[in-house]
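J.: In case it helps, TrEMBL gives these features for our protein:
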TRANSMEM  70-94  transmembrane segment
TRANSMEM  106-122  transmembrane segment
DOMAIN    113-315  domain 'ABC transmembrane type-1'
TRANSMEM  128-145  transmembrane segment
TRANSMEM  166-185  transmembrane segment
TRANSMEM  191-209  transmembrane segment
TRANSMEM  218-236  transmembrane segment
TRANSMEM  248-271  transmembrane segment
TRANSMEM  292-315  transmembrane segment
Amino acid sequence: MTRRLSFAQWLAVSWLLLVVVSACIAPTSSPVPDLLHTQEPPFQDPHWLGTDPLGHDVLQLLLAGARTTLLISIPTAVLASLLGGAAGSVAGFWGNSTYQVQRASAAAGVIGAVIALLFIPQLRTNPFPVGLVIGVLSCTVYYALRRTSWGQRQIAVPIDSMVQALIALLDSIPLLLLVLAIAAVQRPSSMGLVVLLVLTCWTTPARLLRAVTLRTKALLFVEAAVVAGLPTLRILRYHIWPNTWPVLLIRLPLSIAIIIGLETTLSFLGIGLAPEVASWGRLLASIRVAPAAWWLLVWPGAAIFFTILSLHTLVSTKITGFDKHLDVTK
């Protein structure tokens, strides 16, 4: 059961529904430039929101930009939340000593990872043959060490420390700077931008789920399930995840807002998306060509501002039953 929405939250929902409807009715073809009406001010027929320096209708660009925003931000936020949530919950549940593997498996995995890092350029140009060679070498090391008593011994995998170290490494670099550096060297594409944002934005959900999992793991019913010898996957599925994953749903609007901010910033700088893809950030950037065209700043700026503000407003709506066990605002 959820709390009733306030007036501000109803306004936020209405605005977000307007963005969704705009994305659905946006034309699929590229807008045709009207060279006879370049930089035309708004409130004139047939270009009611004006035109850009190339004669494109600003309203059509806003509608197409809404579709781009949704197609980039929602899948990215969901995938980043799933990736970070899985990493955080596994790290919080297993810790540094619970999960154990044979030394042969650990050695083969480390050797394979090191070789892959050394041959990253070759993997990018010829992924299948190079990956096949690395896989064969790793399997050879595994079966060779498995025959020895040393390789058959169990070793604890410090999953928690590994996940926290990776999070600390990524968080030590400012997110925008990291995204800009990687996006500048890859080919512009929507799919590539989604993958890039997922791989750089999963750390916050991971930290959040790790903390919630540690708290849930200490509850009596989870400890009873562990003592009873239930399989780890069953404990995670029926006892940990149902009590931890709702916090990601509560935070999902914030994740979408962050992704929208990053995507529009990259588009404003001309990075990430293909040149023919319309976006609010790219429309906002056209003000540099025509500084006197104030509508090129107002309309996309208002769309970005109200969308992010609406998403932040929705975050204050929390699941009542979950709030009894966890205060997600801390």
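Each Cβ is built from the backbone N, Cα and C atoms, and glycine gets one as well.
Thinking about packing and proximity, how do these listed features fit into the structure?
T.: Outside the transmembrane segment (128-145), and at least 6 residues removed from its termini, the chain residues within Cβ reach (under 8 Å) are 103-105, 107-109, 111-112, 115-116, 119, 122, 151.
Sequence-distant contacts of the transmembrane segment (166-185), counting only residues of its own chain at least 6 positions beyond either end whose CB sits under 8 Å from a CB of the stretch, comprise 193, 196-197, 200-201, 203, 206-207, 262, 265-266, 269, 271-272.
Note on the transmembrane segment (191-209): residues 72, 75-77, 79-81, 83-85, 87-89, 91-92, 163, 167, 170-171, 175, 178-179, 182-183, 244-245, 247-248, 251, 255, 258-259, 262-263, 266, 272-273 of its chain, located 6 or more positions outside it, place their CB under 8 angstroms from a CB of the stretch.
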J.: Could you pull out which residues elsewhere in the chain have a CB under 8 Å from any CB of the transmembrane segment (248-271), counting only those six or more residues past its ends?
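T.: Distant contacts of the transmembrane segment (248-271): 68-69, 72-74, 76-78, 80-81, 85, 175-176, 179-180, 183-184, 188, 193, 197, 201, 204-205, 208-209, 279-282, 284-285, 304, 307-308, 311-312, 314-315, 318-319, 322, 328.
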